[in-house]
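Asks: This is the feature table in Swiss-Prot:
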- 1-35: signal peptide (SIGNAL)
- 68-248: domain 'FAD-binding PCMH-type' (DOMAIN)
- A104, G106, R107, G108, S110, Q114, D172, T177, S183, I187, I238, Y485: FAD binding site (BINDING)
- H109: pros-8alpha-FAD histidine (MOD_RES)
- N215: N-linked glycosylation site (CARBOHYD)
- N290: N-linked glycosylation site (CARBOHYD)
- N424: N-linked glycosylation site (CARBOHYD)
- N430: N-linked glycosylation site (CARBOHYD)
Amino acid sequence: MSYLHASLLRKRTMLIVRSFTILLLSCIAFKLACCFSSSISSLKALPLVGHLEFEHVHHASKDFGNRYQLIPLAVLHPKSVSDIASTIRHIWMMGTHSQLTVAARGRGHSLQGQAQTRHGIVIHMESLHPQKLQVYSVDSPAPYVDVSGGELWINILHETLKYGLAPKSWTDYLHLTVGGTLSNAGISGQAFRHGPQISNVHQLEIVTGKGEILNCTKRQNSDLFNGVLGGLGQFGIITRARIALEPAPTMVKWIRVLYLDFAAFAKDQEQLISAQGHKFDYIEGFVIINRTGLLNSWRLSFTAEEPLEASQFKFDGRTLYCLELAKYLKQDNKDVINQEVKETLSELSYVTSTLFTTEVAYEAFLDRVHVSEVKLRSKGQWEVPHPWLNLLVPRSKINEFARGVFGNILTDTSNGPVIVYPVNKSKWDNQTSAVTPEEEVFYLVAILTSASPGSAGKDGVEEILRRNRRILEFSEEAGIGLKQYLPHYTTREEWRSHFGDKWGEFVRRKSRYDPLAILAPGHRIFQKAVSYS
């Protein structure tokens, strides 16, 4: 009888616990529903120049990575900076009783939901871009342009070229917003010389997580200025930026050569980025694995210096390394530059029969990736999953990394480029939030693979993600000491490890400028505290 009594007691206890759990969850759900209803009502009452969209919001629930989909409560289309500040200040004043968060979205080129927020507010930053770009000090040694944080770099190029000027540092793809690239770093082949884009900013206007509008420079509000640059949107939203300019060339001499040996390829790259006087203006490189017909495709836009030898070059599936160079030209110095280029190339160790050159307009060179985008869109191959992996690898470990990754883990590069090139750490400002390896020279390794939707094979998302994990695991086991660029982690411990010595400063800045963790929740670094009482 005692056993039967105990069994009935356990069942009754379980029933009570289950009932209480259901009641508690129902109360929370009811509370959340009331909160959402209250949030919508209060947001609709905000005096905005622009507007909040509550119905057609699905376009803001995906990004270029095409792997995450978080549906927001609303999308803000700001027509003024005060629209952004008022919205954030309103959420800040609601305190922990609101679970609303805010994500700034430019072109949605994030890879893993970083510009998304579930049941929060996405700010469509391009709504700010109609503000006119202002170019200043055109005839001075230090010209600059003031632009909206939602402005596209391609538009900045078009406008500044009217004055014979252009920004010094770029990204490979120009159809991105200023605020988006400055929140990360902004790297391309000019970075060895000028540093990333975050090293070429004079001033910022920021809306903090409290809804404050602050102007900042290296001297004014310098803590916020340094924190926001490379800060992954955690401390504020960039609404305006002052970008350094330089005289723009008219043409570009564009060069590609091939190597069979990675060590020789890397040695030449390092020699070029350290050369006195910087003999080239742009230096990148990429890895070619299992690609057939490559040189034939180059002949569509490049000219072989030795066409017969180039046509006879056979690599039979071997891994190749392409060094890509550019020298800026003006009509009055073209012959001199061509001679300098010839002399510099003679010092390099590439396969001599694989020298390909062309001359293109400066604008066409900078916007070269957009040409590929147009082609991929026409084939329905642009809006596919992009499980990219971007790494910063210290110089002392790059050969070991190449042997392990390019020699074993990667089997082909037909579904996207693998970019490899070195930069000088001295051109990066260590006071910013951007994280790099400790060595003076480190490499960007960008494995930019596109996945085939629905594929379960080697071109499928899961297989590519498995390969990415293998690369990271190999690097960890080999002690490579790399850092992720455009990082994605899921735990506080991983973020702490990523930031290293900068973690304490990062947390302090978050507490100061966005203490409720309202901003940029898609990075999953900080969790917003919510009270259900």
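The backbone N, Cα and C atoms fix where each Cβ goes, glycine too.
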Asks: What's the CA-CA gap between N215 (N-linked glycosylation site) and A104 (FAD binding site) in angstrom, rounded?
Replies: 18
Asks: In the three-state scheme derived from DSSP, which category covers S110 (FAD binding site)?
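Replies: Its secondary structure by DSSP: coil.
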Asks: Given a separation of at least six residues and a C-beta threshold under 8 Å, show me what packs close to D172 (FAD binding site) in the same chain.
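Replies: The answer is S188, G189, E284, R368, V369, I419.
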Asks: Check the Cα distances from N424 (N-linked glycosylation site) to each of the recorded positions A104, R107, H109, I238, N430 and keep only the ones within 10 Å.
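Replies: Matched recorded positions: none.
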Asks: Measuring Cα to Cα, how far is S110 (FAD binding site) from N430 (N-linked glycosylation site) in Å?
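Replies: With distance taken Cα to Cα, N430 (N-linked glycosylation site) is 24 Å from S110 (FAD binding site).
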Asks: On the 0 to 100 pLDDT scale, where does the domain 'FAD-binding PCMH-type' (68-248) sit on average?
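Replies: On average, pLDDT over the domain 'FAD-binding PCMH-type' (68-248) sits at 96.
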Asks: Work out the three-state DSSP category of N215 (N-linked glycosylation site).
Replies: strand
Asks: Identify which of the recorded positions S110, S183, N290, N430 has its Cβ surrounded by the largest number of other Cβ atoms within 10 Å, counting every protein chain shown.
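Replies: In terms of Cβ crowding, the pick is S183.
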